[in-house]
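TrEMBL annotations:
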DOMAIN    18-206  domain 'Electron transfer flavoprotein alpha/beta-subunit N-terminal'
BINDING   230, 255-256, 269-273, 286-293, 307  FAD binding site
Ligand code: FAD
């Protein structure tokens, strides 16, 4: 029987439980996994089912034990020497087989570089659909189906997608959007199983991992962000933003316009096609507030906008608005911080 026939039909009563496919790099759990566990818990409670955290790796006992404290009903740890480092073939094979065997009704994967590679391959293996890059998840009260919402048409509308004829319902979820699960004193049960992989299961091998040199914290984890748009005038404008960020102990980010102009690097881009951030303070300098930019920062606790156009849309989401030229306002703020 082909995989596609196994999970197609109208009777899904055997498909139960929400799974979060957690992500690890070098044996360390990534923050997106805790966010997905927070969201997965809410969905499982609304459906009235269980939440399972799925971990693939090799000898990462401490991390697996730690994951048992983040609200899941069970941690399912697949251990194998060939799962220590992510490879598409091995991960898709193991998770695909587990899904067909244990039949979860919903599977959440982070929309990270790894998740974006992995989730479609799992979906193809088990013969289901995939809603990529979700920013909102909910459950339909009447039939307990997953409501998966994601930006569509360049972010101009939000599309809510359901998966009526297949199981599991699969979503990749943007990092930085969902609330992290809280640490709990009580730990859930951990089931450890062997991966049973052989070298022949892995077609592409990882030969070497080269870490990118990074200064400061990743944008997704920064508490203070000073972000520049086209209004800062050029690459030299980022030196001004750096001075302000250093004074505040924050990180520098940007709109896509500055990345496209080569003023800064793509890892600094906030927005729909960049990073989603939720800092305590986001200072938008010379950024107009296009919908695609707002998609990545509007959940910040406090937004300060500096723009010379009083009608700029960024002021619609700002808690504090300063109408003026960034080249006058930012040096004035730095001077007052020094004082
Ligand atoms: P502009 O829109 O040109 O705004 C510049 C602002 O600076 C203006 O409001 C102006 O009044 C102000 N200004 C000018 N001079 C000064 C000064 N001296 N002092 C103070 N203010 C000044 N954009 C993103 O940012 N992130 C994304 O992830 C993203 N994804 C996209 C995905 C798609 C599919 C598409 C179609 C677009 C995407 N965009 C994204 C682009 C987005 O639509 C906007 O083009 C972009 O955000 C504009 O950047 P900006 O605000 O820096 O520039």
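Glycine residues also receive a Cβ, built from the backbone N, Cα and C atoms like all the rest.
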Integer mean pLDDT for the domain 'Electron transfer flavoprotein alpha/beta-subunit N-terminal' (18-206): 95
Fewest other C-beta atoms within 10 angstroms, as judged across 269, 272, which are the binding-site residues: 272
Per-residue Cβ crowding (10 Å cut-off), top of binding-site residues 287, 290: 287
Surrounding CB atoms that lie within 10 Å of the CB of residue 230 (FAD binding site), all protein chains: 18
Residue 293 (FAD binding site): tally of other CB atoms within 10 A of its CB: 27
